[in-house]
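Data first, discussion second: the structure below is written as structure tokens.
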């Protein structure tokens with residue numbers, strides 16, 4: 001290759017069909033940044049060695065790829081060789097470079113993804129304290145644990161569909177605003193009903209994070225950067241789990257961090273934790289105010305001028321940050337997509353404001369539903385079916401085991417605690433004052449006559465077939481304490497939390513309850529075992545190696561190999577769970593499973609972006625992510641039911657689902673060399 005001179009970027013490069021029509025700049029219109037530069041005097045330093053300039057190499061590679069795609073299109077479909085919107089857009093994004101703009105958007109959208117990760121942990125960490133604070137029954141606890149996933153499931157469907165019609169940025173801002181507002185309100189809700197409702201709406205808002213974030217960020221990435229940087233973006237979900245675990249560990253056990261306003265309004269430390277968990281969503285929301293809409297979405301909706309301005313902004317931001325402000329954005333004409341939707345313009349004088357709003361809303365709903373049904377069109381039907389199965393099987397195993405791991409640790413702790421229980425038979429105690437804590441005890445057929453129980457805590461204490469006569473209970477705090485088949489005569493309960501439900505099949509004669517304590521006692525030492533926080537923290541942290549490996553090899557070995565290999569290896573890891581006989585073993589197997597399975601998640605999210613056209617990308621992502629949350633609801637309910645009964649069923653169900661999804665993933669088309677359609 002012979003010597004050549006440096007060519008300024010305002011020249012048209014061969015192979016850029018969209019640059020050939022750009023009018024040449026007049027001398028007076030030259031950029032101030034290039035004033036005084038004579039390109040005949042400025043030469044590329046590799047000229048004398050015959051080394052081609054990097055810009056020339058990229059241009060040649062780009063032209064070769066464009067020619068290959070055009071030839072393939074002509075052979076496959078008989079079309080002419082005119083450059084399509086997808087190819088032109090890919091060339092423009094490559095020309096804009098990858099730099100400051102993409103990294104800024106990476107952080108902003110990553111925080112939204114982090115908020116989604118936090119949302120999955122909030123209720124689980126707050127529930128042990130919230131159930132005492134709001135006196136929740138087991139049924140209410142189960143509903144509260146599932147309601148967030150129900151909201152996220154519905155939100156994924158809704159926001160994914162709206163993002164393809166209203167815009168990625170607008171939909172994401174609205175979704176995060178809803179999440180932030182109702183997460184804030186839920187921290188102050190005193191009643192179970194309001195707390196449940198606010199967490200449902202909070203989940204509905206954050207449900208739009210995953211489908212919109214990936215679609216939005218991917219449309220600013222060139223083909224050679226897409227797989228790697230979308231994988232790096234997945235790390236923010238891991239950071240959400242670490243953030244939730246760390247803040248729960250640091251805030252919830254500190255009872256003094258709360259405050260109260262009378263006896264009716266209590267703001268305990270777990271509510272502070274719920275409030276702090278809204279910060280990533282708020283931070284992302286603020287950042288999005290300074291980011292533009294996706295230019296690819298604008299082109300799909302025939303908004304050429306707005307798209308051109310944004311692409312120019314991306315180009316100038318990146319090259320200015322790289323110290324090359326003289327580079328000029330040379331694109332003059334950009335293709336726009338053919339519009340399939342019917343746009344209804346409503347004159348301001350037509351009908352009432354409500355009627356116009358109803359027409360617009362129903363039109364939007366119709367368009368979203370048409371987009372959803374289009375996922376089952378002949379050219380997308382098979383891919384949609386495969387992706388639905390892969391998403392469902394992966395989520396079923398991952399979320400099911402994510403619930404099973406901490407539940408198994410709690411069960412082992414309970415078994416260990418039960419093994420140390422002290423049993424007292426037929427004890428007779430008279431004229432004695434109990435002023436010390438009673439814990440993990442069972443008293444059978446005892447007699448307590450003229451005794452006092454004052455200013456003590458009863459932890460996991462059970463009285464069976466016992467008699468209390470002329471006794472006095474004062475300032476009692478109880479946890480998991482019951483009286484069963486007891487006879488209680490002439491006894492006074494003053495300022496205690498021992499209510500009627502604590503007395504099972506008991507006979508009460510001349511017994512008085514004075515000034516009973518309102519609400520439920522929160523025992524932060526008992527209810528907030530740091531082991532549970534540690535399990536979630538380590539499980540989230542274990543994802544880091546898998547994230548790094550998948551990001552580095554996503555473009556080298558391909559998406560389908562990453563997904564299939566990760567799911568099949570994860571299936572093999574599930575058999576180690578048969579050896580989970582201790583808390584340490586369960587934590588180790590959880591870290592191994594999370595570290596291996598995260599690569600599959602990264603590959604699934606990347607290939608979902610690349611399989612679908614831009615007009616249906618967020619919709620497809622929303623439908624599949626909603627299906628993922630449905631799998632999470634089913635698996636968490638099923639797996640938790642077998643805790644303490646058998647390990648075989650959860651392990652075999654996880655293994656079968658992962659093998660099925662992994663083998664099916666190997667049948668997907670490889671998309672690493674595919675231009676975003």
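Using the three backbone atoms N, Cα and C, a Cβ is placed for every residue, glycine included.
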- Looking at the candidate ranges 47-65, 66-84, 142-160, report the one that TrEMBL labels transmembrane segment. 142-160
- Message: transmembrane segment per TrEMBL: which of the ranges 3-27, 103-127 is that?
- Response: 103-127
- Which range of 385-405, 406-426, 427-447, 448-468 is transmembrane segment in TrEMBL? It is 385-405
- Query: Is the transmembrane segment (196-218) in contact with the transmembrane segment (230-252), using three or more Cβ pairs under 8 angstroms as the rule and ignoring pairs under 6 apart in sequence?
  - Reply: yes
- Which one, 172-190, 587-609, 648-666, has the most C-beta pairs under 8 Å toward the transmembrane segment (621-642)? 648-666
- Other parts of the chain folded back onto the transmembrane segment (196-218), taken as Cβ under 8 Å at six or more residues beyond its ends: 105-106, 109, 112-113, 115-116, 119, 122-123, 143-144, 147-160, 162-163, 168-169, 171-172, 174-183, 185-186, 189, 226, 229-230, 233, 281, 294, 605, 608-610, 617-618, 621-622, 624-626, 629, 676
- Looking only at residues six or more beyond either end of the transmembrane segment (587-609), which have a C-beta under 8 A from one in the stretch? 210, 214-215, 218, 226-227, 230-231, 234, 238, 387, 390-391, 394, 397-398, 401, 405, 409, 534-535, 538-547, 549-551, 554, 559-560, 562-563, 565-567, 569-570, 573-574, 576-577, 579-580, 617, 620-621, 624, 662, 665, 668, 671, 676
- Residues of the same chain, at least six outside the transmembrane segment (530-553), with any C-beta under 8 angstroms of its C-beta? 117, 121, 124-125, 228-229, 231-232, 234-235, 238-242, 244-246, 248-249, 253, 402, 405-406, 409-410, 413, 562, 566, 583, 586-587, 590-592, 594-599, 602-603
- Restricted to the domain 'Major facilitator superfamily (MFS) profile' (105-672), the mean pLDDT of the model is 85
